[in-house]
Amino acid sequence: MKGTNRSVISVFDLKKPGVKLGYSCCYALAAGLAVLMIYPLLWVLFGSLKEANEIFLVPPTLLPKTFLFQNYREAWQIYEIPKVVANTFIAFGGFLLVRFVVISAAAYALSHLKIPFRTGFYMIFLATLMLPFFAYIIPAYLVVFQLGLLNTFWAVWLPAGADSFTLLLLKGFFDGIPGELFEAARIDGASELKILRVIVLPLAKPILAALTIFAFMAVWNNFLWQQIVLSSGDKWTISVALWFRSLGNVGATVAQNIQLAAMLISTIPPMIVFLFFQKYIIEGVTFSGIKG
Amino acid sequence: MNPTMIKPAGERPESLPQGSRLRQFFRVNGIGLAFLLPALCFYTLFQWGPILYNFLLAFQNYTPGLPPVWVGLQNFQRVLSDSVLPQAIANTFAFAGWALLIGYAVPIVAAIVITELRRGRAFFRLAIYLPNIIPAIALYIMWIYMFHPTVGLLNQILQFFGLPGLEWLLAPKLALVSLVIMSTWANFGSTAVLYMASITAIQAELYEAAEIDGAGIGARIRHITLPALQPTMVLLLLLQLLATLQVLQEPFVMTGGGPNNATMTLMYLAYNYAFVNAEFGKAGALGMLLFLLLMVLSLIYVKLTKVVGQK
């Protein structure tokens, strides 16, 4: 057996009946957790296929009497899914562009260019990781207001340029690229911008891919900031639309079965992204937790 | 070799007159600073600026669109005399306390148990991580349905075991705990994944050596697994505490702070000051008090962990 495959319990232990029982309990516990996680989702899925009055039937049914796929069509129309998804992608596109341009330049400067007070600058950036979110959400709203950016996508795009997690990851990656690699280009008179664009960024493709996924998940899931700065209906992103039509619009909310259908529609894109890029995401979570 | 030293550095800047020394400085550092400038602007506008601005805001009466009026400590007086404040403080700390009580040990146990399994580890990891993929609002919609007193899944389960159903979000005594249950369900997977990564990094030889020395399974967990997890545990305790003290989105979306202010938190109060009553100065004052509280908590925590670490 490979060394990495063992943990606390060894093969020898497993031969003892007591340990065997405990090991089975571990499986039972894990299986219980899995059921606890997956069953509610299935239950919601069935709910989304029920008729409006079947949802409030007492005693409740598990499987729907009729599978109403038309709930999904209704949710698609009521929540204006094509429009809000398009808005979310517009928000995401600018968000990513601003973040990559600003942060990759800063990370490159911090790791390969001559600058004074390098550590001081780095600390100014990194210290924001410890800042509590609410200490700046209200004044940041006022900043956006004073810049005249309320109800424009700029309010989502621009703050993306100040993200220390991205900076930390990119600088770490750039540090690993030996300077000799672009010394020749420098001697040939290539500008630093060109070196960054032509040599450094292509090397960083894997990490940029991971950061793209994180940015997508962040924009798709973010609610509070988007709700504050994009309040007019034509700019709503998926989260804001989902909130307003389901819960926020007191007294005129959508029927429960349609709510559930819309909720599941909104879960599909991040689910697809996750299933394809699971490895990156889990590694990113691990990294972001350990960075401190 | 340090790659940053390759730049052609100027010779003996000391001997040059003042003007060209400045020019010299920019010739050497100009490009680097130019690359740094955009990030500095963005950080100033959206991170450091707002924090400092908040300290100013706390002493002003400000309505967007009108000139600010300096009012001294008035905002603080009005915040401290708000009749909802004591309850908001109690709720915020109760939420953080319950979240730690229910939510802190669960991911550790789950991580140890799941890494122990020889088959299906990837499946179980995926299963517990699943809620983290669901967008927050979708999650709340789902849980409002789960908490429904007559048709919700939770009461169905209670009834299956012959227990009476509960009111969950509608009961003043239970609403806050309901939110904690939901956020534990939703968040413990990502924390467990962190712990699992730390456990996988433990060398198998340690366990082998301990086994040969006759350490039982419990002793191996206590003396090898848990010490290896300690740095992560220490860090996550602080991060979870800070995050739960800032709780806003869950009560905002799911209960509106009710029933009867039972889920009104400090952050939600600040949100209401700003975006419902348009009293940004008051929100700034409360924000500043909270900021100081969290900074003090973090400092105490850092000091304490250092003292414990030295022993």
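A Cβ is built for glycine as well, from the same backbone N, Cα and C atoms used for every other residue.
For A:21-46 (among others), the entry in TrEMBL reads transmembrane segment. Residues 9, 14, 62-64, 260, 263-264 of the same chain lie 6+ residues outside the transmembrane segment (A:21-46) yet bring a C-beta within less than 8 angstroms of a C-beta in it.
Residues or ranges marked as domain 'ABC transmembrane type-1' by TrEMBL: A:85-277.
Taken from TrEMBL, the feature transmembrane segment applies to A:89-110 (among others).
Look at TrEMBL and you will find A:122-142 (among others) tagged as transmembrane segment.
As annotated by TrEMBL, transmembrane segment applies to A:154-174 (among others).
If you look at the transmembrane segment (A:195-220), the same-chain residues 6 or more away from its ends with a CB under 8 A from one of its CBs are 88, 91-92, 95-96, 99-100, 104-105, 108, 112, 156, 160, 165-166, 169-170, 173-174, 177, 181-182, 185-186, 237-239, 269-270, 273-274, 277, 280-281, 283-284. Marked as transmembrane segment by TrEMBL: A:195-220 (among others).
Annotated transmembrane segment per TrEMBL: A:258-277 (among others), in sequence order.
Sequence-remote contacts of a segment are chain residues at least 6 beyond its ends whose Cβ falls under 8 Å from one of its Cβ atoms, and for the transmembrane segment (A:122-142) they are 106, 110, 159, 162, 164-165, 167-168, 171, 224-225, 228-229, 291-292.
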